[in-house]
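According to TrEMBL, the feature domain 'FAD/NAD(P)-binding' maps to A:6-290. Look at TrEMBL and you will find A:327-391 tagged as domain 'NADH-rubredoxin oxidoreductase C-terminal'. Annotation source TrEMBL lists domain 'BFD-like [2Fe-2S]-binding' at A:425-473. The domain 'Nitrite/Sulfite reductase ferredoxin-like' annotation in TrEMBL covers A:562-623. Annotated domain 'Nitrite/sulphite reductase 4Fe-4S' per TrEMBL: A:634-773, in sequence order. Per TrEMBL, [4Fe-4S] cluster binding site is recorded for A:CYS643, A:CYS649, A:CYS683, A:CYS687. According to TrEMBL, the siroheme binding site annotation covers A:CYS687.
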Amino acid sequence: MNQKKKLAVVGAGMVAHRLVEAMVERGADEAWDIEVFGDETRPPYDRVALTSFFSDRDPEDLLLGDGELWKRPGVRLYRGSIVSGIDREAKQIHARNTTFDYDRLVLATGSYATVPPVEGSDLPGCFVYRTVDDVAELRAWVLDREAVLGRKVKGAVVGGGLLGLEAAGALTALGADTTVVEFADWLMPLQVDQAGGGALRRIIEQLGVSVRTSTATSKLRAGRDGKVSRMQFADGDRIPADVVVFATGVRPRDELAREAGLELGERGGVIADEACLTSDDSIFAIGEVAHIAGRVWGLVGPGYSMAEVVADRLLGGDATFEGADLSTKLKLLGVDVASFGDAFAATNGSLEVVYADPTAGVYKKLVMSDDAQTLLGGMLVGDASAYTNLRPMVGRALGSDPTAWLLPEGMEPPSGSSLPDEANVCSCNNVTAGTIRGAVTDHQCTDIAAVKQCTKAGTSCGSCVSLVKKLMETQMAEEGLEVSTALCEHFSVTRAQLFDIVRVSEISTFSELIDKHGTGRGCDICRPVVASILASLGKGHVLEGENATLQDTNDHVMANLQKDGTYSVVPRIPGGEVTPAGLIAIGQVASDFGLYTKITGGQRIDLFGARIEQLPEIWQRLVDAGFESGHAYGKSLRTVKSCVGQSWCRYGVQDSTTLAIDLELRYRGLRSPHKLKLAVSGCARECAEARGKDVGIVATDKGWNLYVGGNGGFTPRHAQLFAEDLSTEELVQAIDRFLMYYIRTADRLQRTAPWLEAIEGGIDAVRAVVFEDSLGIAADLDAAMAAHVDTYEDEWAATLADEKKLLRFASFVNAPETPDPDLVYVEERGQRRPADDEERAVLIAGASIPVRDAEVTV
Amino acid sequence: MTAWERVCELDALVPDRGAAALIGGHQVALFRLSDTGEVHAVDHLDPFSQANVMARGLVGSRKGVPTVASPMHKQSFDLRTGKCLDDPEVSLQVWPARVTDGWVEIQVDARSSAA
Ligand SMILES: Cc1cc2nc3c(=O)[nH]c(=O)nc-3n(C[C@H](O)[C@H](O)[C@H](O)COP(=O)(O)OP(=O)(O)OC[C@H]3O[C@@H](n4cnc5c(N)ncnc54)[C@H](O)[C@@H]3O)c2cc1C
Ligand code: SF4
């Protein structure tokens with residue numbers, strides 16, 4: 001075997017991720033072993049989207065890629081591992097108390113956030129805004145201060161640039177009264193001119209954020225509790241501040257390079273040439289730490305280009321980085337701001353075309369060449385809808401009347417087909433219009449997801465997605481292809497249409513349906529959808545007869561598939577209330593079967609590592625102890641989370657736990673387009689986090705407030721207020737109708753939030769259906785829910801009572817009770833978990849395995 | 001020389017649902033299709049996740065090709081050739097399968113072609 005070379009990458013941020021991805025895409029991992037060291041505890045994540053963390057987002061959702069990258073042989077990610085030194089002589093780096101050899105080294109250490117030398121800037125309550133940990137701490141701080149102080153938190157953000165306004169938006173969203181303090185004479189001085197900054201200020205002030213420009217912060221003072229409480233300015237003025245965010249800029253993290261004697265830029269940054277090589281020709285620098293072509297590049301797009309250059313160079317190519325597009329488009333506090341090209345009209349003789357509407361809070365400027373023909377750049381504040389179309393036109397003739405681009409109802413912008421092939425559409429990932437057209441013509445992409453995957457366009461900041469879509473659709477029309485809303489290749493209709501077909505027809509099986517309304521044998525998309533529709537309409541249980549062949553393995557065996565092919569089992573614990581005896585019973589089952597146990601976010605207990613042939617035995621034990629299926633596997637109701645409420649809590653105004661239990665028992669087993677989560681809080685303090693759920697209920701002294709359309713996950717949303725002060729009876733009826741209407745009309749895998757956005761008339765129309773019966777279907781919806789409640793039965797118990805169904809739990813048809821011989825476990829913190837590849841190799845080579853479960857042998 | 005090994009009765013296979021079988025230490029996934037009545041046998045090991053789960057995938061079709069989708073990450077495989085339709089580099093080993101006197105039989109020595 002020929003020796004692979006070693007590549008070490010210091011820093012596991014966005015650009016490092018792109019580098020590894022680019023290497024793997026080009027097959028460079030055949031020739032290189034790649035080791036990546038990151039001092040953050042998380043794998044690389046989308047820093048650009050950091051602010052979205054505040055809308056209740058799970059940090060997991062920010063992670064870049066699907067994680068497969070780090071599992072590839074030859075690729076290794078060391079998280080939480082700071083690199084403390086580079087020995088250029090020995091070609092080694094120091095990390096994890098040891099040394100690692102390299103043939104080539106890549107510095108991708110990014111930047112750190114700077115804090116100005118202001119007295120008191122280290123007080124508790126002062127934050128920067130750079131990492132997930134930063135924002136998580138900030139969020140916890142604001143929520144905690146609000147609870148302790150019993151009033152709105154006062155927030156101050158130092159710095160009125162891009163980051164500062166993002167931070168101000170985040171603080172405002174957390175419910176803080178926020179002031180932005182900017183040293184320059186206007187906001188976002190690096191992106192917009194004074195007039196643009198003025199427009200921005202007016203809009204932001206209308207949103208309730210105070211703005212102080214031309215102001216220097218001089219001191220921060222603590223209150224009696226030692227936490228920050230006041231901010232003082234150079235002009236003597238001061239404001240209260242319970243939380244302070246510094247967003248005054250970033251500096252390259254070049255300390256390793258400095259100690260190693262690499263050449264640095266005057267204001268920091270590791271100097272590198274157009275090949276991204278530093279003054280040591282075994283060491284590259286990329287991303288925000290690199291100083292190339294005379295400057296550092298503080299955006300992710302140029303960093304990605306550098307990563308591509310290094311990947312190419314490592315494979316013997318000669319790609320170069322010569323600078324990049326610094327255009328930006330942002331939505332800050334809901335306000336559009338964009339600048340592109342020569343936004344400050346620095347080009348000799350350039351002309352500016354300005355359109356401003358102060359009442360509407362709009363300021364737009366185009367910078368044109370001296371003959372007013374060629375677009376050089378521009379800035380848009382308040383309405384940046386023209387950005388996506390304008391930016392690719394930089395350096396091109398705009399046509400007869402440039403001003404037409406700026407008017408609100410301006411000239412029709414160039415249609416998708418008139419953009420030249422070489423126009424750069426996605427500046428984050430450097431994708432041209434031609435590449436997107438090629439995805440349709442040469443790679444048979446016919447939907448936006450396929451185009452994004454094929455070209456990477458629109459996968460970073462996302463601002464170009466609408467243009468990408470338009471280009472794709474125009475190209476598809478030119479090729480004579482239809483733009484499709486089909487469920488999949490087998491059904492040409494949407495899920496909602498299919499639902500109606502099944503509802504009004506006599507059809508009650510998949511084979512009938514696909515015979516009459518589809519083609520082929522179906523697939524892993526349409527089969528589960530049809531199963532769910534049939535179940536929602538009461539046309540046969542999800543596991544009866546032919547329906548059983550439509551189910552994903554999770555639904556099929558009523559447990560959740562895990563990475564090693566075993567399952568996890570979650571008994572229902574309605575409202576999160578469980579007796580000590582119940583807990584002991586669950587514990588005993590887990591202990592007898594050697595299951596790994598973990599408490600879930602939905603207030604119940606997950607038991608991992610059950611082999612398929614063990615499932616019936618495990619259920620039997622749980623059913624005997626009074627438990628039933630928790631439907632953790634289904635696109636169905638998961639849990640109704642609750643706080644302890646009035647019965648114990650000194651603040652509670654209603655009995656939230658009892659309501660949660662009643663609701664969970666009412667909706668258990670209800671099949672829906674996606675999982676459904678509910679929660680009930682016993683007072684406005686909202687300890688159950690009900691506003692992060694599809695249906696959230698918050699007690700008031702007069703009854704219940706109902707919120708709908710919240711979720712965590714990929715695109716987290718806060719639920720919106722649907723109705724106030726309902727009695728319990730009114731509440732239950734409203735939820736019945738809301739859920740049934742959603743189940744009937746939503747698309748596959750569409751949660752309630754996007755459904756509310758997509759449905760005609762939005763939340764108001766749904767409210768009218770639920771409370772005013774605007775469509776005349778309320779009785780129908782009520783009846784459908786009543787039927788569900790009446791026919792519910794526990795799927796586990798029903799399966800245990802059915803000899804035939806039990807057959808599916810055989811591990812092998814010809815050896816029904818033989819465990820999968822390839823399972824290998826190791827012990828960690830007193831429980832077992834699947835062995836990783838390395839541990840497997842060792843264990844299979846013969847050593848004994850340190851597990852308690854005697855059944856598991858190798 | 002071909003050796004056919006009896007695995008199970010045809011009736012033990014639910015149409016359009018897979019079942020795993022242990023044949024000479026090898027884990028095989030069997031599928032009986034409802035429309036053609038054919039039985040297919042491929043690796044039970046999912047090459048992407050390295051877990052023995054293929055028999056638990058959903059069967060279906062893609063442009064007329066009979067498929068099974070890995071239950072782990074949903075890559076589809078051609079049941080006749082074992083080829084992954086989402087990644088041409090990857091495939092499942094395929095075993096000749098037939099039904100004789102109501103029994104499903106697998107040709108066992110074909111396994112050596114996997115090496
Ligand atoms: C809130 C916010 C919003 C942003 N919005 C935008 C935007 O809209 N558009 C845009 O283009 N850009 C935006 N940016 C900038 C963008 O995030 C950066 O340009 C990009 O992340 C740079 O990537 P990088 O890999 O060079 O650095 P980073 O992503 O910072 O990664 C560097 C990593 O290296 C680690 N590290 C450093 N030193 C060591 C060491 N010695 N050992 C081990 N690990 C080390 C760091 O902890 C870090 O995880 C934004 C940034 C923030 C904070
Ligand atoms: S939400 Fe529930 S637990 Fe929290 S304070 Fe109110 S009643 Fe108490």
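Yeah, the Cβs are placed from backbone N, Cα and C, and that goes for glycine too.
Because the structure is a prediction, the values reported are computed rather than measured.
The Cβ neighbour count for A:CYS683 ([4Fe-4S] cluster binding site), using a 10 Å radius and every protein chain shown, is 20. There are 17 other Cβ atoms within 10 Å of the Cβ belonging to A:CYS649 ([4Fe-4S] cluster binding site). Sequence-ordered, the extra residues of this chain that approach the [4Fe-4S] cluster site, with Cβ no more than 8 Å from the Cβ center of A:CYS643, A:CYS649, A:CYS683, A:CYS687, are A:VAL644, A:GLY645, A:TYR651, A:GLY652, A:SER656, A:SER681, A:GLY682, A:ARG685, A:GLU686, A:ALA688. Ranked by Cβ neighbours within 10 A across all protein chains shown, the binding-site residues A:CYS643, A:CYS687 are led by A:CYS643.
The average per-residue pLDDT of the prediction over the domain 'Nitrite/sulphite reductase 4Fe-4S' (A:634-773) is 90, rounded to a whole number.
DSSP assigns A:CYS643 ([4Fe-4S] cluster binding site) to coil, not to a helix or a strand. DSSP states for the domain 'NADH-rubredoxin oxidoreductase C-terminal' (A:327-391), grouped as helix (H, G, I), strand (E, B) and coil, give 5 helix, 34 strand, 26 coil. In the three-state DSSP classification, A:CYS683 ([4Fe-4S] cluster binding site) falls within coil.
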